[in-house]
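Taking it in order: structure first as structure tokens, then the write-up.
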Amino acid sequence: MADVINISRIPIFSKQEREFSDLQKGKEINEKILNKESDRFTLYPILYPDVWDFYKKAEASFWTAEEIDLSSDLKDFEKLNENEKHFIKHVLAFFAASDGIVLENLASKFLREVQITEAKKFYSFQIAVENIHSETYSLLIDNYIKDEKERLNLFHAIENIPAVKNKALWAAKWINDTNSFAERIVANACVEGILFSGSFCAIFWFKKQNKLHGLTFSNELISRDEGLHTDFNCLIYSLLDNKLPEQIIQNIVKEAVEVERSFICESLPCDLIGMNSRLMSQYIEFVADRLLECLGCSKIFHSKNPFNWMDLISLQGKTNFFEKRVADYQKSGVMAQRKDQVFCLNTEF
């Protein structure tokens, strides 16, 4: 197995980058969406309909960990070879750890900083959703791993597993007040849109093989949620008056691509489960280009999607994906227009 790529390959923050962040933060003092709305204590009238629409999509997609059927997963897991088991364990360990980082970013930063009432509703709901993701990954680890020592090692993956630590460090370095809001919202979009992409794709590979139904169904729901969260980051960024130079955004995205590529193609190579690492690298680039376009930037990789079976999942920024009943799963009536919600007595039974 390849050596773990050390996070030192990713530059932390140079003096020039620090100076740019300070300059950008100075510009953000007068950002409308970061300044408190005077005396707005009620939701209506909706002032940001696009932001509110994202909240309603999230609400329509709500699910709980108890609804994931894991009854046949353990039998499937025990039939996997050792490489496949190793891969699944470490991917789940990363997911379980990363949700804690995302939650910290939401609770201590974005929910407090963004002053749009509609956005606060979304962030509050996202915190609940991320809690469900975290619970689901913990349940999966608990279900698959019966050795208590190994299970605890996976639950503390950031400290114990270098491949996971490297990804977590890159994500965690953006949870601070030293960088501008614009940089942090872009980096957060990269965490949810790029740093999860290879692992989501790999689990969908198991779905193609009709294995691990509980894991793959939860992956479908969670990847859908994270796709919406990624697009929401892009929407919030689009509302900023003081946007970043395109080169800065591209640099952040390229860093995220390098981190994800080193994780899923080198440190924990997807070859372990029979996937092609070269094609996986191309897929990560494809996802990154879609994110760049969502952020209003030009593509830098110009890579095509090598996995046509991934076309319909949420990582590619298709927010209309949420208007479909993914896996027949959407709260009834939540996305319906109020004018269409009519009570009638003339239906034939």
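Cβ from N, Cα, C; glycine included.
The Fe cation 1 binding site annotation in Swiss-Prot covers Asp99, Glu130, His133 and is backed by sequence analysis. Per Swiss-Prot, Fe cation 2 binding site is recorded for Glu130, Glu192, Glu226, His229, and the stated evidence type is similarity to another entry. Per Swiss-Prot, the feature active site maps to Tyr137.
Annotated features, which come from Swiss-Prot, shown on the structure.
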| residue | record | CB count, 10 Å |
| --- | --- | --- |
| Asp99 | Fe cation 1 binding site | 21 |
| Glu130 | Fe cation 1 binding site | 24 |
| His133 | Fe cation 1 binding site | 21 |
| Tyr137 | active site | 25 |
| Glu192 | Fe cation 2 binding site | 27 |
| Glu226 | Fe cation 2 binding site | 24 |
| His229 | Fe cation 2 binding site | 25 |
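Distance noted between the C-alpha atoms of Tyr137 (active site) and Asp99 (Fe cation 1 binding site) is 9 Å. Cβ proximity to the Fe cation 1 site centre (mean Cβ of Asp99, Glu130, His133, cutoff 8 Å) flags the following additional same-chain residues: Phe95, Ser98, Gly100, Val102, Leu103, Val129, Asn131, Ile132, Ser134, Tyr137, Ile222. Recorded residues His133 (Fe cation 1 binding site) and Glu192 (Fe cation 2 binding site) have their alpha carbons 13 Å apart, per Cα-Cα distance. When the Cα atoms are compared, Asp99 (Fe cation 1 binding site) and Glu192 (Fe cation 2 binding site) turn out to be 10 Å apart. Comparing Glu130 (Fe cation 1 binding site) with Glu226 (Fe cation 2 binding site), their Cα atoms are 9 Å apart once rounded.
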